[in-house]
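Notes for the one structure printed next.
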């Protein structure tokens, strides 16, 4: 089996596993699947769960697409690949829970291959996961980063620190001077050794289940009211801003002629903006600002023990 087919099989199975867990936790709604084909080559399956007991919207898509010319969002970083044939597969998800005390989350794991005259000229892995709470709990953030650190451990002492830092630097709303959330892991252009890099991608994909769903289980029954709901919708606006202005995957998908419905399914179903909003000093809403900057969560928790 080719390298590409092995990755593809893992990713389709990962999508199935995550969907099963989400449906079990939600207990009310189910995913609806949309198979689609891309005129330029390839296709995918988009799955969407809406109006659940736990998840207001949970979107997870698998795609396997190809083309004859790299879009600008990719070739600007790899100018030597301009004009090469390419093929990419990946799983991407964004979950928007109903309860404001359950964080929004994002996962992406992908594999990219470029060929010229029938010969592979480049191939690499990319991906990661990150967490966007509205009412953060230190316990949850430490759990999230503990899972991230532990899954990175077999790949070297520097892996967690490097990919956490990359995540902190990537998921930044520069016009707001704040991070999108409390970070996680981010990596791209991983191309040193296929077997080891593929092992890492699987560790990230598998680790996501251990990192996120215990938080959901812990928080989804937390009581909330109109105030918390309004703040959740306001903060979702930041999510929209990042995805439309800065996210490489969104830009790549749209510039490569991707399926807009599947690409933009990451956006929340409801959102609000408010001009000049500032939370009351000392409020639970104001506390969020302390979390929207790079921090060494595990070291801080160790010191506090």
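Any Cβ shown, glycine's included, is placed from N, Cα and C.
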Of the candidates 92, 266, the one that Swiss-Prot places in the substrate site of 108, 109, 110, 257, 258, 259: 92
Pairwise C-alpha maximum, in angstrom, for the residues (92, 108, 109, 110, 257, 258, 259) that bind substrate according to the record: 20
Surrounding CB atoms that lie within 10 Å of the CB of residue 258 (substrate binding site), all protein chains: 23
Rounded inter-Cα distance in Å - residue 145 (divalent metal cation binding site), residue 258 (substrate binding site): 33
Residue 106 (active site, proton donor): nearby binding-site residues from 92, 175, 257, 258, 259, Cα cut-off 10 Å: 92
Fewest-neighbour residue among recorded positions, criterion Cβ within 10 Å, set 106, 110, 145, 175, 259: 175
